[in-house]
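Residues or ranges marked as compositional bias 'Polar residues' in Swiss-Prot: 782-793, 809-825. Sequence annotations record features per position, and here Swiss-Prot assigns compositional bias 'Basic and acidic residues' to 827-851. Marked as phosphoserine by Swiss-Prot: Ser97, Ser621, Ser632, Ser670, Ser822, Ser936 (among others). Annotation source Swiss-Prot lists phosphotyrosine at Tyr161, Tyr174, Tyr218, Tyr261, Tyr303, Tyr459 (among others), citing similarity to another entry. What Swiss-Prot lists as region 'Disordered' is 1-42, 612-642, 655-674, 765-796, 809-858, 964-1059. If you look up Swiss-Prot, you'll see 427-451 marked as motif 'Kinase activation loop', on the strength of similarity to another entry.
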Amino acid sequence: MGQQVGRVGEAPGLQQPQPRGIRGSSAARPSGRRRDPAGRTADAGFNVFTQHDHFASCVEDGFEGDKTGGSSPEVLHRPFGCDAESQALNEAIRWSSKENLLGATESDPNLFVALYDFVASGDNTLSITKGEKLRVLGYNQNGEWSEVRSKNGQGWVPSNYITPVNSLEKHSWYHGPVSRSAAEYLLSSLINGSFLVRESESSPGQLSISLRYEGRVYHYRINTTTDSKVYVTAESRFSTLAELVHHHSTVADGLVTTLHYPAPKCNKPTVYGVSPIHDKWEMERTDITMKHKLGGGQYGEVYVGVWKKYSLTVAVKTFKEDTMEVEEFLKEAAVMKEIKHPNLVQLLGVCTLEPPFYIVTEYMPYGNLLDYLRECSREEVTAVVLLYMATQISSAMEYLEKKNFIHRDLAARNCLVGENHVVKVADFGLSRLMTGDTYTAHAGAKFPIKWTAPESLAYNTFSIKSDVWAFGVLLWEIATYGMSPYPGIDLSQVYDLLEKGYRMEQPEGCPPKVYELMRACWKWSPADRPSFAETHQAFETMFHDSSISEEVAEELGRTASSSSVVPYLPRLPLLPSKTRTLRKQGENKENLDGGLDAAESLASSSAPAGFIRSTQASSGSPALPRKQRDKSPSSLLEDAKETCFTRDRKGGFFSSFMKKRNAPTPPKRSSSFREMENQPHKKYELTGNFSPVASLQNADGFSVAPSQQEPNLVPAKCYGGSFAQRNLCADDDSGGGGGSGTAGGGWSGITGFFTPRLIKKTLGLRAGKPTASDDTSKPFPRSNSTSSMSSGLPEQDRMAMTLPRNCQRSKLQLERTVSTSSQPEENVDRANDMLPKKSEEGAAPARERPKAKLLPRGATALPLRAPDPAITESDSPGVGVAGVAAAPKGKERNGGTRLGVAGVPEDGEQLGWSSPAKAVAVLPTTHNHKVPVLISPTLKHTPADVQLIGTDSQGNKFKLLSEHQVTSSGDKDRPRRVKPKCAPPPPPVMRLLQHPSTCSDPEEEPTAPPAGQHTPETQEGGKKAAPGPVPSSGKPGRPVMPPPQVPLPTSSISPAKMANGTAGTKVALRKTKQAAEKISADKISKEALLECADLLSSAITEPVPNSQLVDTGHQLLDYCSGYVDSIPQTRNKFAFREAVSKLELSLQELQVSSTAAGVPGTNPVLNNLLSCVQEISDVVQR
């Protein structure tokens, strides 16, 4: 707020801001309502939102105003800046509302005024002083420099340092295009009477006054009459905006108070380029003084330096001579020369004449975003700040998208933080200018796997949509205050998890809308992901449509009202809510935009988590591995005794994570097994019916209710369960009933917020107890934990998944999957369709059944059930999966009901626990049998009533305990690890060609579980909903690029697929695999595989029956299954799996095709099949 000595007139009428220089994007401005958290010194002088908020102080010739800088989209944040509140207040006091009322109106369009001081540095530049009048003579080629004449001479000055003399930007109170929430942010730390005039973002050209009074910010629309008069109240109209501001600075006249102190603007804009000479970026090395080192990397180091010409602190990126070619180094510099955006780190110059090479950029004093998030104060960096940061990054990426650039390394570590939470995207070493739709990286290029899109990992191809994927991961980093993505998951497992449909869980406290955006960014098909323009608009909409502060206050207030865990939260003054009556607005109701400061609760500015939690049904991703977990959502429950662990929330969840506390000793499996067997009376039911007035059990994303059969049971508590649920991303719009629950109850729509510390503890279920004081029950054992991992798998502690045991014991968990809660994108409907039917009652029958003998390799364990004409033992040797016979999955033509794993009928409308076994038997497009990802532990020598044979991803056999075995001793019941053994060569293939099209109705003929399996009756079985229709085709919106799928042998073709042609295209159909058909890698050579591929290619080109082509194709699939693990390079392995997946899908289409085999030119199915075979051959020959 510089004091105005001279006065410059203003043209009549409302003056609109004139474009000047490079206009930035509005993306850098947040749109959330917030007030500065307590305890933080408000940097009142910094304006970090607006693009055209240059400090206006126009004085007559010979007079000089204060040297206070301004803010602009091209802000170069210096390590120093405006002082704190005192300086802003002192300068505000000196402001005179009459500063621009007098003086002649200038009609010369070339007459400009200086906004900032500028010191000449050679190259014919001219020194100017703020407030000095200048006449513009011309511009350089890119318009970033203006040639001007002043009383001191003629020369070049930066274009963004001057403005037309009649522009609104000369005024100290005019801030240009600023959103409503950004204005509130600017005024939040100021005093009563602080104000600014801004242009509306949503309605360009519409001006408003934002005025702070008594902790609130009021917004008044400035109206314009037909005769160009401006007014706030209809009784007081003025010719110019300056007159209006002057009037309301003396009398309120309808405003809540008078206009006293313009909000300050203190940062100078960035000077683009070294000089006005176009494309001159080479700097003199002697102009840079190197200071201390900031950090180092693979290619060089980064230092703090001073650009002596401008006395400007800069960042200097150096490169080692032997690590990077000069051309590659210049490519990065060339990319940075072309980008100019307030949220992109600006290139200032380069030194490339001799090594070591320098890239000189603006300096961001707070370092990279990742470290900043990990070390910041949660009281300062609140949910609003996090959302603001994400908005800025989306704005920068939208700019790159429009410029047709790809970044290729977007992550929190490559974003830098400046004053007042300004974030800028940096590190353009991998960025490229796109000349087509995609960019293919050279062989051997390295990429950050956890941030790289699947198509980029598989094919080395990049597009702006692969940056969108990385942006979704970056959002997850922001929401978790800098946690590492996919915590506890090894790099080699990430791609395999993604192809199974796994996506990271919803961070604790993350609003559903933000998580929906993350999931949209993680769509498998690039075409299905949103553009950065859409993501940026989505963030802006979030700010405008709702108050984040109010959501934080509402969510945390609800939790605090029911919990005694959060008494430490600081008692901040409560701000008035929107519903409170506005003061002094009776005579100005038509112009008041509305009360804008959201009411904040005592906890709103100190939320330990990044974003707020939702009380509505939201999508959660699977439970995470044990290596990294966060606090349990149930830590806020009143009954602290029943939680598996406690923790101090005072430091925020991430600080607790960094302490690396040791997890408690997990419960013994034997006792847990006995507990579940000996206490069959315990029932569990979790419902997903959420409402804004959720009960205490709902506070963490799910509710727990006792079984209807036993109403006296207290609600069970679940520490880790987001089970069958509905994903909220765009591709799940057609999904079945997710979080809203179903008529049948049961495991329906569980969401819950899983964090690394939560799952670091034992994942399990607390059973309902007849009395609340009975605390003797123990958590369920981790069914797939590291203690029973196969010794042959690396990173055991990171790869194992902690899964709750199935309390119904109606299914066998035969395979390690990502989580019980992970639902593949393409199969959400099917995941919601699965629920175990009512099972046999009592535990005694399980003890009375004779033990089943260990089955030989290649055989399958069939469930003990009544003979079914639809499924006979002779028909099904190839149908079983790892020892469980899976009946045809798909509704048949005659309306038969689908049978689930272990012969348990499934209801089409009910939601069920998507157990690992079910994932094997039902979800074909999301599981890769050849990928060693989180697979079930190897068990040996178990005294189970029945021993079933399972297979891991390598085709190795292992034995499984029955679900409810009778335990006689502790140690004997504990599963033991055995080293996997290679499977023998496959036996002759048996095919099922005919099969009846119906199967028994589960309501009329309940099926029995496998021998030795105890299946107590549960509420889920008793509350079956009516069967619903099964879709006859793939789910709408199925990704263009299906997840890579390792082939399945011909014997695994379900008879339902042959009986029903349309069923062949179902996404949710599961082709099961006979374990013994795995061909070991040492028996498949490259030559044999290529020979088999040539054989299939030859068969395709000849008129042969479809059945013969299918046989040959499945033979090739078997060869591929055995060969995939011998591919040395990871990227080639990814591409190979993708090609094999396409081949498998092509064979399925051929199998159900009614068209007779012909030549590839006439049959599109054959064309597709031939291209798949060729792609496999190409990958193998690389």
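Glycine residues also receive a Cβ, built from the backbone N, Cα and C atoms like all the rest.
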**Request:** Using C-alpha atoms only, work out the spacing between Tyr459 (phosphotyrosine) and Tyr303 (phosphotyrosine) and round it to an integer in Å.
**Result:** 36
**Asked** Of the modified residues listed here (Tyr174, Tyr218, Tyr261, Tyr303), which is spatially closest to Tyr161 (phosphotyrosine) when Cα positions are compared?
**Response** Tyr174
**Item:** Distance, Tyr174 (phosphotyrosine) to Tyr303 (phosphotyrosine) (CA atoms, angstrom)
**Value:** 37
**Item:** Integer Å distance between the CA atoms belonging to Tyr174 (phosphotyrosine) and Tyr261 (phosphotyrosine)
**Value:** 12
**Fill in**
Smallest number of other CB atoms within 10 Å: among the modified residues Tyr303, Tyr459, that is Tyr459
**Request:** Between Tyr174 (phosphotyrosine) and Tyr218 (phosphotyrosine), find the distance joining the two CA atoms and give it rounded to the nearest Å.
**Result:** 16
**Fill in**
Taken over the motif 'Kinase activation loop' (427-451), the predicted model's pLDDT averages 71
**Message:** DSSP secondary structure for Tyr174 (phosphotyrosine), reduced to helix/strand/coil, please.
**Reply:** strand
